[in-house]
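As given in TrEMBL:
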DOMAIN    8-506  domain 'Major facilitator superfamily (MFS) profile'
TRANSMEM  46-66  transmembrane segment
TRANSMEM  75-93  transmembrane segment
TRANSMEM  99-120  transmembrane segment
TRANSMEM  132-155  transmembrane segment
TRANSMEM  161-182  transmembrane segment
TRANSMEM  241-262  transmembrane segment
TRANSMEM  274-294  transmembrane segment
TRANSMEM  306-325  transmembrane segment
TRANSMEM  412-440  transmembrane segment
TRANSMEM  452-472  transmembrane segment
TRANSMEM  484-502  transmembrane segment
Amino acid sequence: GGTVLFLSSTVSVLGGLVFGYELGIISGALLQLQKEFHLSCFQQEAAVSALLFGALSASLIGGVLIDSYDRRNSILFSNLLVLGGSLTLVFSGSLVSLVVGRITVGFAMSISSMSCCIFVSEMVNSQRRGMLVSLYEAGVTVGILTAYSLNYVFADTKGGWKYMFGLAIVPSLIQFICILFLPPSSVTPKSVKVDEPAHSGLMQLTNVEESEDPVTLVDTGEQYSFLDLFQTKDNMRTRTLIGLGLVLFQQFTGQPNVLFYASTIFHSVGFQSTASAVLASVGLGIVKVVATLVAMSCADRVGRRALLIGGCIVMSVSVTTIGLLSQHALLHVKKTCDTADHFKSNLSSKTSLSDPTSLNSSFYPTVNLSINSFKWVSSDGSQPHAMSPVALLEAQVEPVTPKLGIAGAHGVLNWITLLSMMAFVSAYSVGFGPMTWLVLSEIFPAGLRGRAFAFTNCFNWAANLIVTLTFLDVIDTLSLSWTFLLYGAIAVAAVVFIYLLLPETKGKSLEEIDKELSGRR
């Protein structure tokens, strides 16, 4: 029994690890690619957003794949794609092969993210489901952190980008091997013999208290078509609404953009430019990993609903505090794209690598859409530092920070801002980060689970794009302070939404959740 549990955990963690790694690694690789291939601004954007394009297209067609060809096969397929895509990247000699490689890897990541969560949620019993699905999320945060560390390690290595892209092959291969030893998940009941004692208590099919009626499982594929997601039958419309609400609130509470501002906040408290950049990426990365591990251990005890509501309340309070205290921060926005000049500033390439923005999400970190350098200029005219790439198209930000708070208060307000930001990041990583994906893998009936997950996933990527691309314009219109206050208000709305609509799913089998949500108690 322990073997299945161990292998399922490994599959979950490694799936997340590859995902986070691929998102974080591009910021380091691009610095080198830009020099080696002499990429223009637009070409760099193409190399970065190719990943997003791949991920979005996978969300559009991946659901059908996961529902028709089993979760296990989908994961194996994604491993092969990561392998192919990574090799294409390692041996690429042109922009075209870079873009093709990134699209392939993006497609694979997206398929893997959906099928891992669903596969694991169906493999393990209800007492452990929350922990093991959240493990995926923990993998993502560790993956991003690993990518940052390796960006530093290979920063000055000739051809270091080849190692950066190539190393993704390792976790992918291990995952491939692990999954070969696992039986297919419970949606294909015919292939699992119910009398195997080895899996007792782990496979939902073999656990007596949670025995699922195999007939409904086999029929579910036929029972539901994609359009049923929008019908009132079995309360499907409400379930789709819950799923969409969660992914949209997850993005529109502004997490990517609060992180985008992280480096300035560290700087305002008195850290030097380079230290601020490192703390904003690595420091907050560690905070996220720890918070996600906390969520993992609490998911099955405290419950999904409680963690989401608690997380949203903390996010709302902390982002509102940042908003109120950052009224003095001025942002000057210049739409430019002159990457190369900034790299020639008197900073080593290592400094430019610490890019806080790419740490910006827990589950689906924002894909950095362009590689425009990014400078914070402090009011005392101290040395600006370049950071790249930033998740903004054609934008370079030069916020002038007259010490975020009031100088007289001896930086107390700046420290409060810093603590609020830590609280915000932690709350996100405890609530929205892991719980959204856990709930999505639980609330839909088995035969439609892949397509429903993929459909909501599309909206997640789209919302993520909108949030990051409009950030500068929103700040321009509203001011930074009001933007953060707006995020606070959205978080309050999220609390109300979750409180009213989301039932608690901890400790219930997937069948029980389905019965409860469809109103057939």
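Yeah, the Cβs are placed from backbone N, Cα and C, and that goes for glycine too.
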So, does the transmembrane segment (161-182) come close enough to the transmembrane segment (241-262) to give 3+ Cβ pairs below 8 Å, pairs being at least 6 apart in sequence?
no
Restricting attention to the domain 'Major facilitator superfamily (MFS) profile' (8-506), give the mean pLDDT.
79
Any contact, the transmembrane segment (484-502) to the transmembrane segment (306-325), with at least 3 Cβ pairs under 8 A:
yes
Note: vs the transmembrane segment (99-120), the recorded stretch with the largest number of Cβ pairs under 8 Å from 46-66, 132-155, 161-182, 274-294, 452-472 is 46-66
Out of 46-66, 132-155, 161-182, 274-294, 452-472, which stretch touches the transmembrane segment (75-93) the most, going by CB pairs under 8 Å?
161-182
Surrounding residues of the transmembrane segment (132-155) on its own chain - C-beta under 8 Å, 6+ positions past either end
5, 8-9, 12-25, 27-29, 31, 113, 116-117, 120-121, 123-124, 161, 163-164, 167, 281-282, 285-286, 288-289, 292-293, 295-296, 299, 348-350, 353-354, 358-359, 362-363, 365, 429, 433-435, 437-438, 441
